[in-house]
């Protein structure tokens, strides 16, 4: 009954308020940011003698007729539509004035999740996809910023400042991507952050989603030039490296213009017995295929023919016994070489 009477006096005295004059009330603090379920205390102080000073509120209402200060105090704030107002009825004009507390009651989200919208499995290079970030039960949404990250790099942020609900809501954000092979294995995350100014918690409260791992399928590409020329020397080991990147992992096949035994289907071939010619490697997966050529050439100095291959034999003028020894060594070498190439000696000249 007493509270009703005081409110009636307050509304009656509002008619007597002198426009243009400042209110003699001060709230300390004037802006309050409170987490859902947390306690809050705000003081209202009058700068001149006051007949009645009080708080009009659904919870924590209070008033005084003696002091120039009165507190609004709540042990656990859970009312989303609470709008506390401090009012004063004075002995002199202006007879009445009021100050509304700038109160922000916030709640961090129950969950933040990220997914690929309308798609499952690996992505295809160059195709556009939508990544979806869902935020459940967050308030107030107008202070929410959703930040998208690729690895540690922020790639997009979404503000909801145009929305007005003060109660918890569900919101979402969409990120469009057209992945390349550089995105294969990348991780995307979204972070829901409530940025409520200097009066709010520092740092700003945030909740981060679990990472979304992206797998991108793309055709093979070689780590080295598409065509390589290799000089061949007698007895030197030659490596043909056809390693390619691709997802799925590329398969390899080889073809040669030179007569040769069947070549292994491996990305790297190493041998001392390659014949001169062109060797073609094909790397392929379900996204496409690409070829690479290796051109093996012989050195031009001191060449002799063995079934299309070349060996180096150097003969120097010396004593009579020397040529015989050289010839014997050459014959022994050629015999060994024939066993590998399965050819026939065309002669020394």
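Glycine is treated like the rest: Cβ placed from N, Cα and C.
Over in TrEMBL, the protein carries these features:
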| type | residues | note |
| --- | --- | --- |
| DOMAIN | 109-208 | domain 'Ig-like' |
| DOMAIN | 219-297 | domain 'Ig-like' |
| SIGNAL | 1-20 | signal peptide |
Average pLDDT across the domain 'Ig-like' (109-208), rounded to a whole number: 95
Summary of DSSP states over the domain 'Ig-like' (109-208), given as helix, strand and coil counts: 6 helix, 53 strand, 41 coil
Residues in the domain 'Ig-like' (219-297) grouped by DSSP into helix, strand and remaining coil: 0 helix, 47 strand, 32 coil
